[in-house]
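Enquirer: This is the structure I want to talk about, given as structure tokens.
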Amino acid sequence: LVFDAVPPAEAQPEEPVDPIGLFVTRPQDGEVTVGGNIMFTAKVAGESLLKKPSVKWFKGKWMDLASKVGKHLQLLFLLLHSTEGSEESGELNFSALLKKRGDGKSDSQPDVDVWEILRKAPPSEYEKIAFQYGITDLRGMLKRLKRIKKEEKKSTAFLKKLDPAYQVDKGQKIKLMVEVANPDADVKWLKNGQEIQVSGRYIFEAIGNKRILTINHCSLADDAAYECVVAEEKSFTELFVKEPPILITHPLEDQMVMVGERVEFECEVSEEGATVKWEKDGVELTREETFKYRFKKDGKKQYLIINESTKEDSGHYTVKTNGGVSVAELIVQEKKLEVYQSIADLTVKARDQAVFKCEVSDENVKGIWLKNGKEVVPDERIKISHIGRIHKLTIEDVTPGDEADYSFIPQGFAYNLSAKLQFLEPPKIHLDCLGQSPDTIVVVAGNKLRLDVPISGDPTPTVIWQKLLFESEGRVRVEKHEDHCVFIIEGAEKEDEGVYRVIVKNPVGEDKADITVKVIDVPDPPEAPKISNIGEDYCTVQWQPPTYDGGQPVLGYILERKKKKSYRWMRLNFDLLKELTYEAKRMIEGVVYEMRIYAVNSIGMSRPSPASQPFMPIAPPSEPTHFTVEDVSDTTVALKWRPPERIGAGGLDGYIVEYCKDGSAEWTPALPGLTERTSALIKDLVTGDKLYFRVKAINLAGESGAAIIKEPITVQEIMQRPKIWLPRHLRQTLVKKVGETINIMIPFQGKPRPKISWMKDGQTLDSKDVGIRNSNTDTILFIRKAELHHSGAYEVTLQIENMTDTVVITIQIIDKPGPPQNIKLADVWGFNVALEWTPPQDDGNAQILGYTVQKADKKTMEWYTVYDHYRRTNCVVSDLIMGNEYFFRVFSENLCGLSETAATTKNPAYIQKTGTTYKPPSYKEHDFSEPPKFTHPLVNRSVIAGYNATLSCAVRGIPKPKIFWYKNKVDLSGDAKYRMFSKQGVLTLEIRKPTPFDGGFYTCKAVNECGEAEIECRLDVRGNQIDIMDILWITLTLQGKTNNNGI
């Protein structure tokens, strides 16, 4: 606060005079960032003041900052005075508390804490210090100082107190927290000395030693002093609520009125009931001027109303908030201008003249012409004239650029005379191909065809599209715009080709143009390819070009193949095939394949062709191997060979044998058709001919190469010495068991066919007992069932003329041996028995290999082997049991096995006991017999007719008693209606589907040697129909009226 006692001469004119006559300069609004410094300054005219006035600063309307002391706010008091031209200055420093984030120190003034000075000064100096630093509220100062000194004492109730001050934005949440020494202590929260009650906005929390006050949605009413009270101790703080900036959401608008009319400026701000400041030409409109201006608030809307406007009210009006400014101009006219003739709309053609004319009541009024809001500048083509009350705008040689909205505005009047100039232009199609041959547009089939044709004309011309051959339908549409038209065909097809004509018309004229459209596409699929020249793993594929190439030349072809049973096609070439044939390789022999082809042009690849006929890559087999002549006679030749080394997947169908005479080139089939054997006998040949022979293998792929005998074969019998090829196993004695089959084959050679004879032990064989079969290459001896007399030496003799060959075969037929003879017990001593026997009389035509000795206890006669493969004819059997008697037997054994029977000792061998003989004591046998006794009785029963019923009881008795059932004293044993069971002493009588006649008394009787017992029960059989009494009882039961005894 600055007091100017004698204002300097040069500064006097610059200071505005306060309307009240006291303030020279008022405090101005300001903005500052958090943590920054801000200074508010006010100047007071002090030449008429006799003494220094008292000064108070307020925050808002009611908060006196003089009582809020702290180092964050400083009040500077400057007294300026002049004495005979010299100026001296004095300075007084006041401090009050204003919560700021940061120290807020000033470069020009030191940071003086008045409360620190007062705290250290004696009480007699308080008044002097208060006067020095401008503190006028001495009582408040003393209270505050007393509270500060009290707070200096170490607190016993608080571990951590509240901060001196807090700041929060309006609408936000803040937490005030203290820490108390006693976790169970109760605290009170006060606001401006009044206790705060729990509500939706105020929340109290106690977490351990912490006590928290949470204030939700802070408003300006929450800007106050807060206290936390624990017992007798208090903690103080100040909460400052910062308002958000108020924005102008709808600005002021310029207005033009006549003298005496009501003026109302309106704006809209971001908060309801906000405070705004109105200014006119930079001067604030205050409340003292409410007789002239009226301020109004309606929610977020703010109004400034001037009831009767005057000429002096013209100017710029401003509305200000702490977050925005809006300015509008007010024009107040003295009198009204009459318009006798307004400007009219014009429609002109190119090169014509356009004249806008208007007439007003005052011939001295000037004005300006506007084109689309911009002032018209005259030139050679545009003329502006003003003759008396008539104003003209003339435009020569009108062009399209002249088409616009034209306005005439009289100066000083709120008039705006407007008209429109419309330019008429003949339609025009702007194509580069006009006047030449029709332009061609190429489109790919399936794509969208879009023809954008620029057009001009005013008014906008109508557009007509035509196709010269026929009208398009369905997928065709036309879009019309101001400066162009669009012709669209969705998914172009081959049928869309042709010449299209576009015609534009308007009232001025018409224009037309032709456009040729060509549709190109991928080629049609070729026909199915053909397969030829099939080999082992290759084939030749041939195809024809597609019937339609899609409007573009075919660039090549793509070939694919797949296995017949597969769905996966494999591409064979990656570079396009230019030719119409291709040799496909690397196929698997024996697998069935299919081929297909694609045609490719610059647009793309066609759909695949149909698949070719299935085919299988196969190759003919290789030639047969080891082709030789096996035998030659006067009229026949015997050939043999082996299968080819490579047969292939095509298999082998057979062989073809051919011969050719020496000196001839003609081959004659030697056999009718194919033979599957690997040998052949060629008959009916001419004796003495020299012949070549060859053989070929045949399969699906054709003939193999020929296997040929290089030298000619003469058809003539060849003498060969007889020779017997005796098999190795027949060179030793052939041993067979009785009953086995003997089949001996002995191969030989010799030509012509030798004479064969068989002999046994020098005697001719009996053909009835032994079978002999001879062929050209072997002889066979066959005995169906061998006997012992078939043993002997067999001699085979081959004879061709005076040449012979002989071999001998020894056959031994064996059988099981007979039992040993003369077995006897040689000696018995202790636990041992000595046995002796003699070899069997029949050894089965084979050597005796050993004996098997067995023993058996007389009690069980179970035989156990003592020795097997025993080669002697006597033995000692040990480890026998004392007191037992034993039998012994012996089997003989040869190659056929054990003998059928054994030699057995006639008498048993007794193993004598030694020592004292034990005589067991005799006991009297106990008699367990007892008479029958029923342990479970029969029970009276009532059953329903038609359902099987059973009667059960239990009986005990030794020996087991016989059971008899009676009905009404009649025995039921022979009646099939009843079934009787007895299991573990439980007796059951089953009555099958009883009827009411089966009711009565049933008796069960048990009898044994010791006596008898019987038991009786009654059986009632009820009918399965419900009588009237049952129905009545059921009805009463449902109604709850039955008593304990029934009805």
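Note: Cβ is positioned from N, Cα and C throughout, glycine not excepted.
As annotated by TrEMBL, domain 'Ig-like' applies to 153-230, 244-338, 427-516, 722-810, 932-1016. According to TrEMBL, the feature domain 'Fibronectin type-III' maps to 525-621, 623-718, 819-914.
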Enquirer: Let's see if you can do this one: DSSP helix, strand and coil counts over the domain 'Fibronectin type-III' (623-718), in that order.
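Expert: Split by secondary structure, the domain 'Fibronectin type-III' (623-718) comes out as 0 helix, 45 strand, 51 coil.
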Enquirer: Take a look at 153-230, 525-621, 623-718, 722-810 and tell me which one has the most Cβ pairs under 8 Å to the domain 'Fibronectin type-III' (819-914).
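Expert: Most contacts with the domain 'Fibronectin type-III' (819-914): 722-810.
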Enquirer: Using a cut-off of under 8 Å between C-beta atoms, tell me which stretch among 427-516, 722-810, 932-1016 contacts the domain 'Fibronectin type-III' (525-621) the most.
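Expert: Top-ranked stretch among 427-516, 722-810, 932-1016: 427-516.
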Enquirer: Could you give the number of helix, strand and coil residues in the domain 'Ig-like' (427-516) as assigned by DSSP?
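Expert: Counting residues by DSSP class gives 3 helix, 53 strand, 34 coil.
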Enquirer: With DSSP, how much of the domain 'Ig-like' (932-1016) is helix, how much strand and how much coil, in residues?
Expert: 3 helix, 54 strand, 28 coil
